[in-house]
């Protein structure tokens, strides 16, 4: 029997009665809405796992027997009379690619899967750009979040505005928000266009999800967790608004994502902004982004982007320390260049070619303890880079 | 009838100043308008629980206050009392006997407000703004659960200043819901944790988020035996996920649906996508209501997977909603929710726009799919209150 291709798309009208074969395999019940006769009850209630594939996306999955799941869910629920699946979006199946007993023909190769994911990312970015939805949100296609996005809730931002307003400093709030918004726009654009270097970086990121504590991505973990591939750390802002008057989004623990491979905004941009308020409570840890060798050639651009990084006020003894972009295994001209940004700070890094690593002998006992620990402790994150000996890549 | 003594020139409750516009987008559903709403955005609403006679509505706002109204059977609302915090109030809840109200605020404290004596005392302290507060009544203990942006979840016995228990979360708490013995907390970075509350609260499971974007609101639903069995999770991306804790068939039973988007089926033009600001379940029928940044509220039946009704569009986002204990009254608040952040300068100006709260009565969300809502109470269209002088109609960018 031939395979029923409507079933594969999730819209076979005959269901069990279909003369063609309905391969079972991770697709749930497939389409079995019988228009008209049969119980209208089950029509409504038992749609099961219908993945309504956006026709525009089908081209990506064309040649494969099982279109994989990150297809966009369908239309909004109609009043129930719209029999075409009612369009409730993808279900848990989206994550089935992560299951070990994946019953997709994973033999299609992870390369294909990644392709699908990348396309889905592009589509999502397009939607995100045009829809006017909240920009400061994390985003992910698989379990782990995609790097380069800031997670802020409207309430946090609003509170920030209120506190700034009471201290008369509305301008800086507006600037901060604009900076964040620009960063977001750039990142979305980048992911949408998906030029080759982004593609490489994303593929790496997707296949090697960052180690995350407890199964949930913890943006408060140290900027140190290196993944063997691209090692981008999402710009997670730790709990914000700790000190009342500051917009200091880092409570010393955030790892800022810097897209080492692309001429995009670095996550540091935002640090600059926030450092601009009154003294941040604790200095933030630096994020070290180690670009994958393949993409290292563009890391020159990184420095460029960081130059756009400015602390708008100079009152902070902020050691929002420099992140280092260093190309592993490939020497990049600017790779050694550390973009350190400090304004009038006494204890921060100085921008320019400072060291990549601190020699172990120079570390204080506390710093050494932190570096060797599995995670950083809040408030104790060292401000200097670790010694090369401690790094495992 | 400014019992609340606010300064924004309300006049004597209800005499319309603006009533003459033909298309009243301020109250297009002609629902009962609550008198003397707060001066700034309303962040949370809660109706009194069953033991209390009558219906009392509590609303917390960004004007640092918490107000209490009595909702009478004829639909009139009577302002009763008010308490202040030193920071915007983010969440409120009632104790199970209806004698106390708990309020959580950005000033990092939570207070217990005894309605009989109209006294409020502080019962909790966090290191960051407290985002959620819930009362837990277990057979062997009762406490207040507070979730905060300092990434901790603390449980307080109201008599002591130290928490009974403090649980660490992976990220800032964004929303939570409690239906004994289950509690769900959704955090930043798409974290989702379920706690079980029997004996003492402990983490039950961490769940991979079914949504791709930031979590915004969560509400637990119950099964036919009145036991909590799953939750609805809303995100900023106009999508709600229905998730069962132990479903017989996860792939089939759990699903997501899109809501609060413009031009529903027309895929030609890009959709506008709005955040789902709050979700509430009808206590009797089990249908759910969602309110969004687009200024609409919708009722859905999650078992039949259908939409029951969507309201007309209001001129402002709807920030909070709740049902009263028997489901006869649905209250929602319309005020700015900070969602227009991309148009920064003018969005900041919005904080002066007017806020409203409305009540809708109904035998809502009945499953026979009636298109109209049957009204048990006469709907009184109260004209818009006077607005602060700086308000310019139409300046909503």
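One is the number of the first residue shown, and numbering goes on along the chain from there.
Heads up, the Cβ atoms here are built off N, Cα and C, so glycines get one too.
According to TrEMBL, the region 'Disordered' annotation covers B:15-37.
Residues 3-4, 40, 43-52, 56, 58-68, 129-135, 137, 142, 144, 146, 148, 156, 158, 161 of the same chain lie 6 or more positions beyond the ends of the repeat 'WD' (B:82-123) yet place their CB under 8 Å from a CB of it. Taken from TrEMBL, the feature repeat 'WD' applies to B:82-123 (among others).
Per-residue pLDDT, averaged along the repeat 'WD' (B:123-166), amounts to 92 for this model. Taken from TrEMBL, the feature repeat 'WD' covers B:123-166 (among others).
Taken from TrEMBL, the feature repeat 'WD' applies to B:276-310 (among others). The residues of the repeat 'WD' (B:276-310), classed with DSSP into helix (H, G, I), strand (E, B) and coil, number 0 helix, 21 strand, 14 coil.
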